[in-house]
Amino acid sequence: MPDIFQQEARGWLRCGAPPFAGAVAGLTTKHGGESKGPFASLNMGLHVGDDRTDVVNNRRRLAEWLAFPLERWVCCEQVHGADIQKVTKSDRGNGAQDFATAVPGVDGLYTDEAGVLLALCFADCVPIYFVAPSAGLVGLAHAGWRGTAGGIAGHMVWLWQTREHIAPSDIYVAIGPAIGPCCYTVDDRVVDSLRPTLPPESPLPWRETSPGQYALDLKEANRLQLLAAGVPNSHIYVSERCTSCEEALFFSHRRDRGTTGRMLAFIGRREEWT
């Protein structure tokens, strides 16, 4: 069965989960841009030491591919936490061309307005895409192990339930390409921080490979948290792609030993679709 994230003709993967058909949703690859050296070539991160002009040009190129102008993007700081902020058209442009203007202190964004593209950077962490088609809500979260330990996926569901009056049964989620357990070994500190966030009866999303070392399935940990938050299993779509394994396609912070570019995860609704 093909993965839910399939490559477009240009340098990005489209989220093909059916509930996301009314949104512009996907993830860039490492190809098709102007960046050089370890950032070659479609680096989307303004904060990694790459030439800013190259990164902005890369972002403008994606904006053209998507027909979603860069001036309508909203980016956030991404501090490896679990805080989330609702944004509107008044926030458009924040973080799009300058990291200093990114929405501060949060790792998730959501909006109920069309004409806003939520955009976050990734290079192994888990991109989590949310949509409630009946309400016109879209959201995006950055879940590294710290954000997962903080329950960021469930936090998005809780915010939509309590502030937007959306039942978890009306929410659909796509868990995008990220580092898999094949390539992600962690220690006791990490698994101990995740343990309290998981449903008590669920299988653990890790296996011990040697004393104090564990192969962690971060995508599965987030799936379990979404189930615990009330999202139906049939509403959760999970990519099998590993960002570390697919070296020809993705940047990987762990594989590339920290000096590398970033992919961009994005989701939004076009104004003409409302």
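Glycine is treated like the rest: Cβ placed from N, Cα and C.
A quick note: this is a predicted structure, and the numbers were derived from the prediction, not measured.
Now, the feature entries from Swiss-Prot:
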BINDING   L46, H47, R262  inosine binding site
BINDING   H80, C125, H142  Zn(2+) 1 binding site
BINDING   C182, C183, C242, C245  Zn(2+) 2 binding site
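Positions of the features from Swiss-Prot, shown on the structure.
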residue: L46; record: inosine binding site; DSSP (3 states): coil
residue: H80; record: Zn(2+) 1 binding site; DSSP (3 states): coil
residue: C125; record: Zn(2+) 1 binding site; DSSP (3 states): coil
residue: H142; record: Zn(2+) 1 binding site; DSSP (3 states): strand
residue: C182; record: Zn(2+) 2 binding site; DSSP (3 states): coil
residue: C242; record: Zn(2+) 2 binding site; DSSP (3 states): strand
residue: R262; record: inosine binding site; DSSP (3 states): coil
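Other C-beta atoms found within 10 angstroms of the C-beta of C182 (Zn(2+) 2 binding site) number 11, with every protein chain shown included.
The two recorded residues, L46 (inosine binding site) and H142 (Zn(2+) 1 binding site), have Cα atoms 16 Å apart.
Taking only the Cα positions, the spacing between C245 (Zn(2+) 2 binding site) and H80 (Zn(2+) 1 binding site) is 23 angstrom. Nearest neighbour of R262 (inosine binding site) by Cα distance, taken over the binding-site residues H80, C125, C182, C183: C125.
Sequence-distant neighbours of H80 (Zn(2+) 1 binding site): residues of the same chain at least 6 apart with a C-beta under 8 Å from its C-beta are D107, H142, G144, R146, G147. Checking each of the binding-site residues H47, C182, C242 against C125 (Zn(2+) 1 binding site) by C-alpha distance, the shortest gap belongs to C242. Here H47 (inosine binding site) comes close to F99, C121: these same-chain residues lie at least six apart in sequence, with C-beta atoms under 8 angstroms from its C-beta. Neighbours of the inosine site: apart from L46, H47, R262, residues of the same chain with C-beta atoms within 8 angstroms of the site's C-beta centroid are N43, M44, G45, V48, D50, V55, F99, C121. The residues near the Zn(2+) 1 site, meaning same-chain residues not in H80, C125, H142 whose C-beta sits within 8 angstroms of the mean position of the site's C-beta atoms, are Q78, D107, F122, V126, A143, G144, R146, G147, in sequence order. For the binding-site residues L46, C125, C242, counting C-beta atoms within 10 A of each C-beta gives the highest total at C125. Highlighted in sequence order, I179, G180, P181, Y184, T243, S244, E246 have their Cβ within 8 Å of the centre of the Cβ atoms of C182, C183, C242, C245, the residues recorded for Zn(2+) 2, and are not part of that set. Residues within less than 8 Å, Cβ to Cβ, of C183 (Zn(2+) 2 binding site) and separated from it by at least 6 positions along the same chain comprise C242, S244, C245, S252, R254, R255.
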